[in-house]
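Enquirer: Here Swiss-Prot flags 1-41, 53-83 as region 'Disordered'. If you look up Swiss-Prot, you'll see 1-183, 230-406, 473-974, 1020-1051, 1108-1115, 1170-1258 marked as topological domain 'Cytoplasmic', on the strength of similarity to another entry. Taken from Swiss-Prot, the feature compositional bias 'Polar residues' covers 53-64. Taken from Swiss-Prot, the feature transmembrane segment covers 184-204, 209-229, 407-427, 452-472, 975-995, 999-1019, 1052-1072, 1087-1107, 1116-1136, 1149-1169, and the record attributes it to sequence analysis. Residues or ranges marked as topological domain 'Lumenal' by Swiss-Prot on the basis of similarity to another entry: 205-208, 428-451, 1073-1086, 1137-1148. Annotation comment: Swiss-Prot describes ASP518, THR520, ASP909, ASP913 as Mg(2+) binding site. Annotation source Swiss-Prot lists ATP binding site at 518-520, GLU613, PHE654, SER656, LYS659, LYS677, 710-711, 790-792, ARG883, LYS889, 912-913, citing similarity to another entry. Under the heading active site, 4-aspartylphosphate intermediate, Swiss-Prot lists ASP518.
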Amino acid sequence: MARDVDNKQNAKRISRDEDEDEFAGESMVGRTLDNPFLGEDEFEDIFGSESQYISSSGQNSTNPFLADTRIENSPLGSESKANQLNKQGTNVNHIEIPLRDFNDPTQPESFLPPPKNTFTSRIKKIKNLFKKEKKQVKPEDLGPRQIILNDYSANHFLHNAVSTCKYSAFTFLPKFLKEQFSKYANLFFLFTAVVQQIPGITPVNRYTTIGPMLIVLSVSGIKEIMEDIKRKKQDQELNESPCYVLQGTGFVEKQWKDVVVGDIVKIVSETFFPADLVLLSSSEPEGLCYIETANLDGETNLKIKQALPETAGLLKPVELGQLSGEVKSEQPNNNLYTFDATLKLLPSDRELPLSPDQLLLRGAQLRNTPWVYGIVVFTGHESKLMKNTTETPIKRTSVEKQVNSQILFLLCIFVFLCFASSLGALIHRSVYGSALSYVKYTSNRAGMFFKGLLTFWILYSNLVPISLFVTFELVRYIQAQLISSDLDMYNEETDTPAACRTSSLVEELGQVGYIFSDKTGTLTRNQMEFRQCTIAGVAYADVIPEDRQFTSEDLDSDMYIYDFDTLKENLKHSENASLIHQFLLVLSICHTVIPEYDESTNSIKYQASSPDEGALVKGAASIGYKFLARKPHLVTVSIFGKDESYELLHICEFNSTRKRMSIVFRCPDGKIRLYVKGADTVIMERLASDNPYLQTTIHHLEDYATVGLRTLCIAMREVPEDEYQRWSTVFETAASSLVDRAQKLMDAAEEIEKDLILLGATAIEDRLQDGVPDTISTLQTAGIKIWVLTGDRQETAINIGMSCKLIDEDMGLVIVNEETKEATAESVMAKLSSIYRNEATTGNVESMALVIDGVSLTYALDFSLERRFFELASLCRAVICCRVSPLQKALIVKMVKRNTGEVLLAIGDGANDVPMIQAAHVGVGISGMEGLQAVRSSDFSISQFCYLKKLLLVHGSWCYQRLSKLILYSFYKNIALYMTQFWYAFCNAFSGQVIFESWSISLYNVLFTVLPPVVIGIFDQFVSAGQLFQYPQLYQLGQRSEFFNLKRFWSWITNGFYHSLLLFLCSIAVFYYDGPNKDGLASGHWVWGTTLYAAILATVLGKAALISNHWTQYTVIATLGSFLLWIVFMPIYAVAAPAIGFSKEYYGIIPHLYGNLKFWASLLVLPTIALMRDFVWKYSSRMYYPEEYHYVQEIQKYNVTDYRPRIVGFHKAIRKIRQMQRMRKQRGYAFSQGEEDQSRILDAYDTTHTRGAYGEMR
């Protein structure tokens, strides 16, 4: 019953179609349905009746969610398929929606809600009139796919090679050019380069713009190609993975890319499926096999698949090679957990139905099964996993977007200057035209104005620094290499370095406000270990904390913990020895684990679909209760070397509603006993009135919960024979019922699960990745909000949240776990009201953590509730979303993206994390044990979560600060030089005359000032890495955009204007009374212009030195070296250029320049005057208005000892006291047993039989 309810609720999931252009900031966004099986009643449950939708004219309009949504239009095409989906059990109940966001071209537009009647929507409608509609072909319209067995020539389908590359040989140029010319600056330079080719317009050489622009585009293109080559290599590594394919009567090794539809492949344990397969047979009884789908849905427990009975006996390659027949399947689609197909084996005409029970998805891993045979049905990009991936998105950083917007404002100033200069030329002509008859002005004033406009456009075009973009890309690439070569983020154990796959996002790492993290494989190792237990009120552990070790001074205290050796002694001599025996017996026989003898190691290997059960069985075996063998109705266990067999009578299965599993055994002494394990809440409700160890056990459970251990309560009762016989009849009747069987079985279990005796509880550790608690704590201190999105259950998620310190003892838990939309809305609103009431009463908001499950999240993401849900989530320091599907992970990220302007980072290690990683501004992949799908789709990859701390706090902060300074400095230095052209226009009758020689203007950016921004962008450190770790609060400078914002940008622009005007006026003053030189000639225009050029160069290089925080030899080379380069270059160029006819402006200038005292005095005095204001400003701001990092710079400079370690002990003591006072209701229950048909597993295996010649279990 609960399972059916869960499926129905999850069938109502909806998704968003994000349109950032039209709907950004609006509360209503487009939606489409992720599940094709919704009827009209279900639509009304979610969206209300049709009458709620009113057209703009005031008339009732058709509900857009009901149009064209008949079952026959669904991807599967029949109502029976919806029913079949609900029969699959809860292994699909929370992941039935596909991974991809629903910008699905196959869905009718009528799914979308009515758009607002805005100007934007009208424009879009007009554009749509001129668009040529493409007819979209739906998969169901193509008919079934026909696959012929063992006839490769008859099957012509897509190859199995996959690619995650951004470009191909054909798409590189159009895609790259589209991306580059989406930047306003590049469009501006393109237009300028075109105008510059018009004869008689340009005042400078016609190639001074197009040349640098081609260099910029070339460098950017080379960088993109190199990064895409890396992606191609990773794709190649996957495509060349080995697998075994049937050829004739034997299997040969082939590469994944060579697998084709119709192949029969052999997959061995611990390997991934290379394509979507139909299971034919396996080494296990009745064609069973275990698969791990953590790479797909994040679930830690194993799933069970079963071959058809007609094919389960095909164990020999010869038999497989003789197969003839066909598979008719649905066309490739993105529905992961539905599959409709039939198998016909000749000579029979019977068509055998295939379902998801026989479907093995690409990306899943075979576990605890030696081998399986399967038929390939979908390959490559037609596999269901790849159908759910989207094209690698093109991401742009916040800084880049700000630069783009500020360039627009700068262009407005530029256009104003052009118009002002052109207008000035007309005014000057009107006033002085008659006195300047030799100029020969044209009579066409309008033509003169527009010609002047284009001339000044070219003359002032360098106000926007073209070199910025090539420098920007170059520095980004080098920063990416520094990240990839950081040995602190190198995992020696797995030989895995960090990798930057998208260098264009490095500065985004310094502004992250939210982190969305997967749990399994990212925060945890998914390795369960039996750590502690409490039996009859006594606590035991494998490792005992120092403050809890037993002393003889207080024998009766329940504060102490004993080791497992003491547990073994108490089995022999304690008065509670019988309870200890029964406790360990439950661990060793009450489970679905399959034992298998390993001849190579002469030991037993346990195959467990639940990692929790595996840990408990191994824990019991380590104490002396070793599980040996299983038959369909018999379990054998060795107790300290003595074998005992227990007859399994009935099993009451575990599910998420019952939260417990119970098995009825007939024990060797002839008595019937019921053994139960489950959550503390459900076990304690069913205890007998006399349980002396209840309170002590509760106290121990709370202790386990505070350290993040996963707990289960263990209980039992003896069942009288007559009671058992009566109950057995009730249970068998319920098991054979055709109507509401699940509820009747649960009711039957309730009748016998009563008057239990509490034996104790277990505590299992889900091992965290190294350094996870410290990393999370540090990142939270840095002001980053962390959301954990996991497919696991609520209890498991809370448990991990505690152990990894995402949830600490100071936090209150806000839990939203509802079944309907109305209940979810009420819960969210009630919790918001409570928080605001508390704030009004106490004056502050308590530190809280929000926990929400997948069903509630479906409704919380609805547009009517989204804002309120985000408001609640934003008030919480941490958020845990459990039982979420891959698509929901992406929708959560997009929801936060719509409601906040902060940078979002998503981190995960499985294919189920790919939508989330692609939806976030920054995607980080963990190169772990769940494959490399997440890594291939990510922007950065690391091998452990703990490396995220340095990636963000150090590399992120440095990259953001460095690139911000690089951008600001690049704009400043261009304005400082090129604005002098505008000031000079007032002195030359707005004629368009230039101050500087043409190629000197171009070389200013390309040669003489290129090194300072590069060196600053690569080597500058506003504080050291150690200080960034010690003071993670400094990371908030990036979150607040302190280093690059509107105020700071325009202060630099203003400073550039100031320096250009000051130096221009001072240079005029220096040469105003210029007398003749030794040769009797005046210095002239080019001497004055070159002196001004050198003074500006010295000033901007001095400015670079002034803003450098971290001096290296490269800083000296970039500043002093660049100026010395100009001093050496100038005489060589002035002699060589006129001699070869390249440029004649500098002919004969060197004697007048280098022999002129005014020139050398100007190089010393003018930059000093210009930079004096900057020096005074820097001194006063640091002394009287210091920022946070200024204090840290002083601490770093003078090596001041940090005072904070002195109070660490005090804080630890306070936390320990709070731990003792809190979490009295949360007792750490968590259990990852899959809700499979557990009886089927127990009935299928007889492990006393040996395996056959092909490894099959007979």
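Cβ coordinates come from backbone N, Cα and C, glycine included.
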Enquirer: Given pairs 6 or more apart, does the transmembrane segment (407-427) have at least three Cβ pairs under 8 Å with the transmembrane segment (975-995)?
Expert: yes
Enquirer: Tell me which of the binding-site residues ASP518, ASP792, ASP909, ASP913 sits in the most Cβ-dense spot, judged by other Cβ atoms within 10 Å.
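Expert: Within the set of binding-site residues, the most crowded position is ASP913.
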Enquirer: Which listed range (452-472, 999-1019, 1052-1072, 1149-1169) shows the maximal number of Cβ pairs under 8 Å with respect to the transmembrane segment (1087-1107)?
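Expert: If we count Cβ pairs closer than 8 Å to the transmembrane segment (1087-1107), 1149-1169 scores highest.
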Enquirer: When each of 452-472, 999-1019, 1052-1072 is checked against the transmembrane segment (1149-1169) for Cβ pairs under 8 Å, which one has the most?
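Expert: Comparing 452-472, 999-1019, 1052-1072 against the transmembrane segment (1149-1169), the winner is 1052-1072.
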Enquirer: Among the binding-site residues THR520, ASP909, ASP913, which ones place their C-alpha within 10 angstroms of the C-alpha of ASP792 (ATP binding site)?
Expert: THR520
Enquirer: Go through THR520, THR711, ASN912, our binding-site residues, and report the one whose Cβ sees the most other Cβ atoms within 10 Å.
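Expert: By the 10 Å Cβ neighbour count, ASN912 comes out on top.
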Enquirer: Run the contact check on the transmembrane segment (999-1019) against the transmembrane segment (452-472): 3 or more C-beta pairs under 8 Å, excluding pairs closer than 6 in sequence.
Expert: yes
Enquirer: Could you tell me the C-alpha distance between ASP913 (Mg(2+) binding site) and GLU613 (ATP binding site) in angstrom, no decimals?
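Expert: Their Cα atoms are separated by 26 Å.
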Enquirer: Using a 10 Å cut-off on CB atoms, tell me which of the binding-site residues GLU613, LYS659 is the least crowded.
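Expert: Minimum Cβ neighbour count within 10 Å, taken over the binding-site residues GLU613, LYS659, occurs at LYS659.
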Enquirer: Apart from its near flanks, which chain residues at least 6 from the ends of the topological domain 'Cytoplasmic' (1020-1051) lie with a Cβ under 8 angstroms of it?
Expert: 398-399, 402, 406, 510-513, 778-779, 781-784, 902-903, 949-950, 952-954, 956-958, 960-962, 964-965, 967-968, 971, 1108-1110, 1187-1189, 1192-1193, 1195-1196, 1202
Enquirer: Quick check for the class: what is the C-alpha distance, in angstrom and rounded, between LYS659 (ATP binding site) and ASP518 (Mg(2+) binding site)?
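Expert: Computed Cα spacing between LYS659 (ATP binding site) and ASP518 (Mg(2+) binding site) is 24 Å.
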Enquirer: Please report the Cα separation of ASP518 (Mg(2+) binding site) and THR711 (ATP binding site) in Å, rounded to an integer.
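Expert: Computed Cα spacing between ASP518 (Mg(2+) binding site) and THR711 (ATP binding site) is 22 Å.
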Enquirer: Would you kindly give the Cα-Cα distance separating THR520 (Mg(2+) binding site) and ASN912 (ATP binding site), rounded to the nearest Å?
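Expert: Cα of ASN912 (ATP binding site) to Cα of THR520 (Mg(2+) binding site) measures 11 Å after rounding.
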Enquirer: Could you give me the DSSP helix, strand and coil counts for the topological domain 'Lumenal' (205-208)?
Expert: 0 helix, 0 strand, 4 coil
Enquirer: Report, as numbers and ranges, every residue of the chain located at least six residues beyond the topological domain 'Lumenal' (205-208) whose Cβ falls under 8 Å of a Cβ in that stretch; write 'none' if there are none.
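Expert: Hits for the topological domain 'Lumenal' (205-208): 196-197, 998-999, 1001-1002.
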Enquirer: For the topological domain 'Lumenal' (1137-1148), find every same-chain residue at least 6 residues outside the stretch whose CB is under 8 Å from a CB in it, and list them.
Expert: 997-999, 1086, 1090
Enquirer: Averaged over the topological domain 'Cytoplasmic' (1020-1051), what pLDDT does the prediction give?
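Expert: Here the mean pLDDT over the topological domain 'Cytoplasmic' (1020-1051) amounts to 94.
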